[in-house]
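Listed features, source TrEMBL:
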- 17-43: compositional bias 'Polar residues' (COMPBIAS)
- 95-506: domain 'Amino acid transporter transmembrane' (DOMAIN)
- 1-43: region 'Disordered' (REGION)
- 106-128: transmembrane segment (TRANSMEM)
- 134-154: transmembrane segment (TRANSMEM)
- 174-197: transmembrane segment (TRANSMEM)
- 245-265: transmembrane segment (TRANSMEM)
- 285-303: transmembrane segment (TRANSMEM)
- 334-355: transmembrane segment (TRANSMEM)
- 375-399: transmembrane segment (TRANSMEM)
- 420-441: transmembrane segment (TRANSMEM)
- 447-469: transmembrane segment (TRANSMEM)
- 481-506: transmembrane segment (TRANSMEM)
Amino acid sequence: MEERPETELISIPATPRESTPEIQTPSGQRSPRQAGLKSSTAWTPTSFISPRFLSPIGTPMKRVLINMKGYLEEVGHLTKLNPQDAWLPITESRNGNAHYAAFHNLNAGVGFQALVLPVAFAFLGWSWGILSLAIAYCWQLYTLWILVQLHEAVPGKRYNRYVELAQAAFGERLGVWLALFPTVYLSAGTATALILIGGETMKLFFQIVCGPHCSSNPLTTVEWYLVFTSLCIVLSQLPNLNSIAGLSLVGAVTAITYSTMVWVLSVSQQRPPTISYEPISFPSSAAAFFSVMNALGVVAFAFRGHNVVLEIQATMPSTFKHPAHVPMWRGAKVAYFFIAMCLFPVAIGGFWAYGNLMPSGGILNALYGFHSHDISRGLLALTFLLVVFNCLSSFQIYSMPAFDSFEAGYTSRTNRPCSIWVRSGFRVFYGFVSFFIGVALPFLSSLAGLLGGLTLPVTFAYPCFMWVLIKRPAKYSFNWYFNWILGWLGIAFSLAFSIGGLWSIVTNGLKLKFFKPN
């Protein structure tokens, strides 16, 4: 019997060098260490342990050296994180997985903004409405993939927050100026809008359930805002991003359920007799142009959630052989499949059911206004209750970056983690500040077009620029041109949509409300 050559028994598969392993810190958290960039031809601690070197050595020694090779590869590519990260809510726990990623992305990606998509179709019509929604979906899916890949783009470094990645790409000062405002605006503005929508939906739910037997002194809308804010503050006491995975699952399930219910209930009812699918006409071409820009801003606002993508990925362990981007992208693909299954039917079904008679509040407002007497009170009440649950869950994931910023400021000054009382105090303060902003600016929830324009670079523009500046593709290559063009198109659309949103606010006198409770 012919003997197999010795070198075949000890072949060692090459391992890619782009991943960044982690180790356990004294605090018990997984924390990587910094390692310098190395070319494939540079000397490494294991370069002398090759099949050619091992071939004349006996089998026991080979096993020892092979094990040593694996150990040295892990040690030689360890990354380093600030120990403060073990105290902060986003990076405190690193036991996330693909399921958690799917829950968080779905909870952040589907919400009240989907309900106003039929309003955009009323200004755009069938063709431009479907085309703009499809392009926006594909565009944001590409930029999502970019962010997932850039999380560990530099060996030995993890960018755990959107602002950190922007600083690495644009520079320390410019990165803060470019990324801080839109990300804070997305987080805090969305939290405030959720308080308004959640409070008003709770009021509608109470009116439907109670019916004509309601007390003579019901709660006012502002008091319902306060009730909803109190519930949000109670739930916000969960310590870190991984601990709200259950809430994100609830938010994801309720979002899918009520999105399906509103378009199914709408298309199953008789359409209004005066329905029309022609885009809404305006007396001047300037008014028509700005209205279309505002409608496109509404479409852009439907795709939010990129401001928390890196934060979600930061909750996952990452090793040399099992980088975090693999489970993150797996979970994100599942989440955005369901997001498409929610957004497209709501937009198309809602416009088919109500046409250009769609009220400014969106499909849920139309369902309540046109069919409140045709649909059973139980179904209507269940729909509104699911919206409340989804708003409570979405508030938590969008507020987590703000909680993280508060605690980062505290720990950097005191050099110790926040106590439970300090952490609770920050979250109570944030909740009531959002409540007071909502009471002072009750029209905030109707600014979908303006919000979409101002925050559009976070989703559609900045990731393309960051890919070019960090990955540095070959100059004048297709990849180089493609990302530069997409990035500058995103900036141009941001300016146009913001102007359209401002025009819509001025012409309507800030009188629009997301819901119009009786």
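The backbone N, Cα and C atoms fix where each Cβ goes, glycine too.
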Across 174-197, 375-399, 420-441, 447-469, 481-506, the most C-beta pairs under 8 Å with the transmembrane segment (245-265) come from 375-399
Contact set of the transmembrane segment (481-506) with the rest of its chain, CB cutoff 8 A exclusive, min separation 6+ beyond the ends, reads 139, 142, 289-297, 300, 443, 447-454, 456-457, 460-462, 464-465, 467-468, 473
Contact count check, CB pairs under 8 angstroms to the transmembrane segment (420-441), set 134-154, 174-197, 285-303, 447-469; argmax is 174-197
One stretch in 134-154, 285-303, 375-399 has more Cβ pairs under 8 Å to the transmembrane segment (447-469) than the rest, namely 285-303
Beyond a gap of at least 6 residues from its ends, the CB atoms lying under 8 Å from the transmembrane segment (134-154) belong to 18-20, 37, 160, 162, 165, 168, 299-300, 302-303, 306, 309-310, 313-314, 318, 323-325, 328-329, 332, 336, 340, 343, 459-460, 463-464, 466-467, 470-471, 486
